[in-house]
């Protein structure tokens with residue numbers, strides 16, 4: 001695996017675009033005898049590509065900076081893919097109401113699933129002591145419990161895989177000296193965010209396991225903690241993907257015109273709207289707000305429903321009223337697709353590279369596809385496959401928005 005992901009140094013050194021920065025051998029001069037004398041090297045007489053340090057004392061050789069950047073960029077691209085998988089799997093876990101099936105958390109111990117009938121019975125008895133079974137699933141069979149348990153187990157094991165995908169290669173690259181000073185700070189922040197994600201996930205699950213005698217609502221995790229869990233995952237995903245694209249995609253030398261400045265600002269604002277719309281989906285999922293008004297474009301018989309401001313104070317409605325939460329998600333979605341459309345037509349009015357135009361066109365196509373998926377999910381009362389596709393579409397839309405931002409980034413002087 002290491003040989004596939006990181007090619008041998010000898011092969012990299014042989015590439016014409018990755019020559020090592022080492023002093024050139026000075027030509028020999030003929031002195032009339034059998035020995036040759038090397039002329040001293042002039043200052044700055046090095047090969048033309050990038051800097052490398054040979055650390056023979058420690059037995060390690062650094063890659064040229066450009067080669068190291070590409071290796072690190074590919075690693076972070078893979079890491080962002082694993083985070084996307086965790087987000088999608090977490091969404092399916094929420095849609096199948098499987099998130100509260102594992103009622104404790106152990107970093108190592110829970111990696112081994114139950115194997116015997118006795119172990120499964122013990123696990124099921126632990127689940128029966130908590131509100132979700134008592135109120136919602138009191139007639140659940142052991143076979144049904146196994147399904148939801150394995151859903152949550154898969155999500156947790158995938159989370160551990162994400163942690164290993166970040167931490168182990170980061171330690172290897174750090175030891176080899178393939179990370180620049182600035183990249184070391186980014187990598188440390190990403191690894192810290194991965195660890196924080198695991199703790200935040202258990203903190204979220206705990207909110208759904210607590211007894212609430214003063215309410216008869218269906219047991220569910222706190223929508224605030226769910227939004228925090230999803231939000232930090234999206235930040236991790238965006239930071240990893242953005243860093244990867246910055247390392248892998250060559251920058252375009254675009255003329256710094258006023259039109260380009262407006263286009264760049266519009267791209268940043270659109271990406272922010274897409275991020276906020278995806279984050280608002282956590283409140284929709286946490287409150288089951290997708291089941292409140294299953295009609296479009298109106299909500300029921302009116303454009304603005306009467307129960308929009310049921311709670312007091314008014315600010316509570318934004319985060320706790322399912323009607324308001326769905327209304328906000330609709331407005332954010334419509335605003336996002338409008339911003340994407342404006343961004344696309346702005347890009348058409350400028351002479352941009354082919355790859356940049358492709359990113360803008362892809363963003364437009366994905367935005368309207370995502371709107372179609374959202375409306376279909378709503379009208380069909382949130383079927384799990386369609387809702388999971390809609391959630392995955394938000395990640396795809398966010399990815400292309402970041403791609404377009406990377407295409408338009410300013411070239412450092």
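FYI, residue positions are counted from 1 along the chain as it appears here.
Cβ atoms are placed via backbone N, Cα and C, with glycine included.
Features reported for this protein in TrEMBL:
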type: TRANSMEM; residues: 75-95; note: transmembrane segment
type: TRANSMEM; residues: 157-175; note: transmembrane segment
type: TRANSMEM; residues: 187-205; note: transmembrane segment
type: TRANSMEM; residues: 225-249; note: transmembrane segment
type: TRANSMEM; residues: 270-293; note: transmembrane segment
type: TRANSMEM; residues: 329-346; note: transmembrane segment
type: TRANSMEM; residues: 358-382; note: transmembrane segment
type: TRANSMEM; residues: 388-405; note: transmembrane segment
Is the count of Cβ pairs under 8 Å between the transmembrane segment (75-95) and the transmembrane segment (329-346), pairs 6 or more apart in sequence, 3 or more?
no
Residues outside the transmembrane segment (358-382) whose C-beta sits under 8 Å from one of its C-beta atoms, at least 6 past its ends, are 95, 270, 290-291, 293-296, 333-334, 336-337, 340-341, 343-344, 347-348, 352, 389-390, 393-394, 396-397, 400-401, 403-404, 407
So if I exclude everything within five residues of the ends of the transmembrane segment (270-293), which remaining residues of that chain have a CB under 8 angstroms from its CBs? That is, six or more out.
91, 94-95, 218, 220-224, 226-227, 229-231, 234, 238, 299-300, 305, 319-320, 322-323, 325-326, 328-329, 332-333, 335-336, 339-340, 343, 363, 377-378, 381-382, 387, 391, 394-395, 397-398, 401-402, 404-405
Which residues of the chain, 6 or more past the ends of the transmembrane segment (187-205), have a CB below 8 A from one of its CBs?
76, 79, 99-100, 102, 105, 156, 159-160, 162-163, 166-167, 170, 173-174, 179, 221-222, 225-226, 228-229, 232-233, 235-236, 239-240, 243
